[in-house]
């Protein structure tokens, strides 16, 4: 149980930091991080990039019939968010009426509970997005 929690927090920083990578040769940005640029291949040099957490909804879906794990929060929105830096991430959109979401809406990252694990109720946190206020 604790091993999974430690792995989530310590070994997968993009789960809570919204970090990716940027190719210094062609300028492409990636989420999650990559070690080789698919455009430049070995010629490209990648550096870590911390995203601003701001973006727009590129596409979305309202989930009305979720799995048992998420039935208490239905209906909810899952979207592809295009970040200001150009990378796209898939995330839940929170703090909104699902019927009010539209493609192109501005959103910003927030840090929220993602799930509870097992009988001990160990909570995992991560990024989600909410409409920009």
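Keep in mind that glycine also has a Cβ here, set from the backbone N, Cα and C atoms.
Here is what Swiss-Prot records for this protein:
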- 23, 26, 37, 40: Zn(2+) binding site (BINDING)
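Same-chain residues that are not part of 23, 26, 37, 40 yet have a Cβ within 8 Å of the Cβ center of the Zn(2+) site turn out to be 24, 25, 27, 28, 38, 39, 41, 43, 44, 46. Here the binding-site residues are 23, 26, 37, 40; the one with the fewest Cβ atoms within 10 Å of its Cβ is 26.
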